[in-house]
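The transmembrane segment annotation in TrEMBL covers 34-53, 60-79, 91-115, 127-147, 153-170, 257-278, 293-313, 320-341, 347-371, 383-404, 424-444.
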Amino acid sequence: YGFFCSVRPSEPFLTRYLLGPHKNLSETQVFNEIYPVWTYSYLALLFPVFLATDYLRYKPVVLLQGLSLIVTWFMLLYAQGLRAVQFLEFFYGMGTATDIAYYSYIYSVVDVNLYQKVTSYCRSATLVGYTVGSVSGQVLVSVAGWSLFNLNVISLTSISVAFGTAWFLPMPQKSLFFHHIPSQQLGCEMKVMDCKNGSAVQDHPDVQRAPGWEDESQVPLNGESHAAEKQEQKVDIVKVLKDLWQDFLQCYSSQTLLCWSVWWALSTCGYFQVINYAQGLWEMVLPSHSTDIYNGAVEAASTLLGAVAVFVVGHIKTSWAMWGEVALALFSFLIAAAVYIMDTVRNIWVCYASYVVFRIIYMLLITIATFQIASNLSVERYALVFGVNTFIALALQTLLTLIVVDASGLGLDIFTQFMIYASYFAAISLVFLGSGIYGILRAYRRQEQMQSRS
C-alpha cells in the first residue's frame, strides 16, 4: 500500500500541469488561490483525523486516504476551473492528514519489539515508491515525450492499486486511546519514561523504540502487544480528552523536549512552505514551456541523498544535550542560505542544487530532533508529542500562508515569498544560537562551581 500510494510520477510536474493548456490557470490563481487551500484543509482535518484513526482502528482511515487520493487525481484529470481545482486541493489535504493511519496501523498488529523493524519497512516502502515515481516521471517526460496528462493517468492507476490492496489488510482489534488494554497488563512490555526528567522508570531488554523522521508522519499510536488479552472498554470521549491533556502537560514539562519540539514546529512550518512553492519558483526562473525541466530528477536526488543523511546521522556520537541547540542554529543558518540562494541567483541549476541541499539538511536535523524527543518518551506518548508538534507547525504555516501567500492577504509574488522564508530560517538560527550559547555557558559555570566545592 505504501509503495503504490507513493508512485505518483506526475507530482513533480504539478505546477507545470496546472499552468499548462490542460488547466490553463494563471500564476496568481495557482500560487495565491489554489495552493493555500491544501494548508488550510490539512490543519482543519489533522486533529479530527487523529482521533478518528484511533477510534475507528486505523484501517477505515487508510481506506479513506486511498479514496481521497483517487478523487484528487481523478479531478486533476477532468476537473476544470478555479473552484474545482480548489476543491481538489481539499481532497489532497485530506489525503495528507490521513497519512497518519498508514504509519500507525502496523503498530497495532505487531509486537512492540518489532517496532523499529516495521518502521523501517514502512518508511522504506514510501521512499522507494516516491523515488520510482519521480525517476519514471522524469524519464517519460524527457526521453519518451509523454504528456503530463498521461503521467496523471499513471498516478491514478497506482493509487487505485494501493486502494484495492488496503481492503485486504486485517482489521486491528485494539488502539491506544479508545480500544486499549488496561495499563496493569502492559507490565514489562514498554519502557515507561518520566517525561519531566527523562529518567527510566521501568525497562525491559526486548523493547525498542521506533525511530522516525520528517515530520509529520511517523506516529505510532499503540503500545500493546498481547492480542489474546484484548479487552474492549466503553468509549468515553471526555476521559480520552482529559488523558490527552494530562499527558500533554507532563511531556512538555521537560525543558529538553520543549526545546527540540519548538525547533521541530518552527522549521517544519518553513519546510512545508518551501517544498510547496519550490516548483513555482523554478517556473518563474525558467518557464517550462520554453525548455525541458528536471523536477522529477531533482526530487528523486534530494530524497535519496536525504535518506543517506538520515542513515549517517544515526551513527554520529556527540553530546546533543550540550551542543544540540548550537547545531540547530548553525544548520538552520545553512538552510536560510540555501533558500536565499534559490531566491536571488536566477539560475535553474543553482536553484535545483540549493533545493537538494535544503532538503538534505532538514531531513538530517528532523531525524536528530526525532531521536532526542523519543528518548524522553514512552511509545504511547510518541503519538501525542509528534501530533502536537505537527499541528503547531501547520497552524504557523496557515498564518504564514494567510499573510504572505493568500490573495486575500498580501498575495506577494514568489520571489518575495522566498526572501521571507529565508529570513524566517535566519531568525530561527539566531534564536537557537543565543539559547545554545547561554546553555553552554551555564553548563560550564555549573561545572566550575562543582569543582570549586570539591
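Glycine is no exception: its Cβ is also placed from the backbone N, Cα and C atoms.
Outside the transmembrane segment (127-147), and at least 6 residues removed from its termini, the chain residues within Cβ reach (under 8 Å) are 2-13, 154-155, 158, 292, 294-297, 299-300, 303-304, 307. Each of 34-53, 293-313, 383-404 was scored by its Cβ pairs under 8 Å to the transmembrane segment (91-115), and the highest score goes to 34-53. Among 34-53, 293-313, 424-444, 424-444 has the largest number of CB pairs under 8 A with the transmembrane segment (257-278). Within the chain carrying the transmembrane segment (293-313), a Cβ under 8 angstroms from the stretch's Cβ atoms is held by residues 9, 11-13, 16, 127, 130-131, 134-139, 141-142, 213, 279, 282, 286, 348, 352, 355-356, 359-364, 367-368, all 6 or more beyond its ends. Comparison of 347-371, 383-404, 424-444 by number of C-beta pairs under 8 angstroms to the transmembrane segment (34-53) places 383-404 first. Tertiary proximity for the transmembrane segment (424-444) is limited to same-chain residues at least six positions away from its ends with a CB under 8 Å from its CB atoms, namely 259, 263, 266-267, 270, 322-330, 332-333, 335-336, 339, 400.
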